[in-house]
Amino acid sequence: MANSFSPTEIFDVIVVGGGHAGCEAAITSARLGLNTALFTLNLDRIAWQPCNPAVGGPAKSQLVHEVDALGGVIGRLADATAIQKRILNASRGPAVWALRAQTDKRQYSRQMLQLLQHTPNLALREAMVTGLEIDGDPAGGGEHWDPSQGPAARITGVRTYFGSLYGAKAVVLTAGTFLGGRIWVGHQSMAAGRAGEQAAEGLTEALQQLGFHTDRLKTGTPARVDRRSIALDQLEEQPSDAADRFFSFDPAAWSSGEQMSCHITRTTAATHQLIKDNLHLTAIYGGVIDSKGPRYCPSIEDKIVRFADKDSHQIFLEPEGRDTPEIYVQGFSTGLPEPIQLQLLRSLPGLEQAVMLRPAYSVDYDYLPATQLLPSLETKRVQGLFSAGQLNGTTGYEEAAAQGLVAGLNAARRIRAEEAVHFPREGSYIGTMIDDLVSKDLREPYRVLTSRSEYRLVLRGDNADRRLTPLGRELGLIDDRRWRLFEDKLQAMEAEKQRLEQQRLKVSDPAAPAVEQETGAPIKGSITLADLLRRPGMHAADLVRHGLADAGLPLPVREGAEIDIKYSGYLARQQQQIDQVKRQGRRKLPETIDYASISTLSREAREKLTAVRPLTLGQASQIPGVSQADLTSLLMWLELQQRRSQPSASHLAPTGQAR
């Protein structure tokens, strides 16, 4: 991949792709002072939302809060462009509470473009990147390359479709569904990354020439329907119920514009019969493609086949913006031919006269299995080459944005010869996701879920700033104003918790009878407000209602103090588990350990541990292919060896923090 041409331009960091991962990566790198360029196929489709125009949801909102806590932008833009907000899982515990916002997709894209254009150190270029320029082995070490030997090459730049060369010390690939992208409507298909936009050529082949393995995945999006053709008055309305809730921790980003309602309809027997009669006409069920689609976002065909006992499925009608009649038919993606799609839509109550503005389609595309990456999202084969977003096999804007921030951060640190930042899975959903991606052989699009985290009570959305903003400050991503806001919030929360622990409600106080009636428990003499909060059904909002708390106190402060108090026992136990994991991570591994002789380890773990030879248990946990079960086996082996040896055996004692 050597060349005789001089670069057209030279940058520190080049980001390839202008989606949600690419934008976060480029902004992060530029804010850290690196001369950065963002290359995209279409500057008019920056941070586009080609599927659901929404941000957040279970686990996804936690990711958005975490990105914001680290200085990212997805939360700010979602707040600024939200047209409806709802709290999901409100009846359950705070570990699974989730904020979800419908956004104005065109306004979201416009605001992101403006943000990029006004970010210092950041240049925008509209071009198709088709090649990677490297220094080193052009085959990336070949098929027999051993990761323990280190990278086989170093990135030096990119080449575009029309032959221009751009130099770079680091490159972040965030190509989404555009690599080898092909969209399908029935058995008809065309090369495209998404409807109306060309696929990216050459980059898949460039990666394969460097020794990378690529595979195919599939996703899809439903039809868009003209709002004016729907009998909305016949359908159940779903209004906004959380206009005063925000993703960003920065009050300066809070915005509450005019809210819009969604509506709910359901599939009918006619819908199901149409699908059953025409399954063979889809690309998947017709055997034309076999790419794996997202398990947690199935097509309507998959729902009918997999849940044959259900006679109806809920469908949500969601507006795409304030200035467009387009309605997103959520839960109704399909790969059926266009004429049948219209029949399906008109089989839904309220949509009997529906006008279809855009047909549903499936898209299958090339992706880079993330086991070929380090936890920093840098590729193992090529130093300075990073990958983030849907290219890594994930699905969702939120997952992409989080990876983009991590890749942009570590690309900047690679150039500065600084240590990469690894996010442990016990500290954030970002860490949980990346740990899953780089260590598991995933065969379907990955979506973050609260069930994927062993520590979800600690990894809540409301405390993402407490968990990650100090790190963001240390890394240079949080400015002085944001840091002062964070410190002020912490002080206010601590003061409120102290007040709740000290102030008592006496049985003779005016509010006592109502409180006793609501909680169903008597007040014996007096009770601290903290103990009152610990009673089931009593919340900070109730204290305000009874005149026992300051209504002027910011909602995040009141609710944060409540959660800390109400769930203090559970939080303490989970924190002990996390601390134990951290202590175990500092355990030294003997240099002479024979992994092949530890029969309780999986075969893959024995091979990987022998090749990498980690110094600590924490480093072993970062090795792709070494599972949690393997780590437990290794820890048990260490304990057994310790009992068999002298108590003073220093090589088995806990040591300082592994880096």
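The first residue you see is number 1, and the count goes up from there.
Positions of Cβ are set from backbone N, Cα and C atoms, glycine also.
Per Swiss-Prot, the features are as follows:
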BINDING   Gly17, Gly18, Gly19, His20, Ala21, Gly22  FAD binding site
BINDING   293-307  NAD(+) binding site
Other same-chain residues whose Cβ falls within 8 Å of the Cβ centroid of Gly17, Gly18, Gly19, His20, Ala21, Gly22, the recorded FAD site, in sequence order: Val15, Cys23, Glu24, Ala25, Thr40, Ala47, Thr174, Gly176, Gly389, Ala400, Gly404
Binding-site residues listed as His20, Arg295, Lys303, least Cβ neighbours within 10 Å: Arg295
Neighbour tally for Phe307 (NAD(+) binding site), based on other Cβ positions within 10 Å of its Cβ: 11
Pairwise CA distance, Gly293 (NAD(+) binding site) versus Gly17 (FAD binding site), rounded so that it is a whole Å: 22
Rounded inter-Cα distance in Å - Lys303 (NAD(+) binding site), Gly17 (FAD binding site): 32
Gly19 (FAD binding site) versus Phe307 (NAD(+) binding site) - Cα distance in angstrom: 34
Set of same-chain residues at least 6 away whose C-beta sits under 8 angstroms from Val305 (NAD(+) binding site): Leu279, Tyr285
Rounded inter-Cα distance in Å - Arg295 (NAD(+) binding site), Gly22 (FAD binding site): 25
Spatial neighbours, same chain, of Gly17 (FAD binding site) - Cβ under 8 Å, 6+ residues apart: Phe39, Thr40, Leu173, Thr174, Ala175, Gly176, Phe178, Gly389, Leu391
For the binding-site residues Ala21, Cys297, the one whose C-beta sees the most other C-beta atoms within 10 angstroms: Ala21
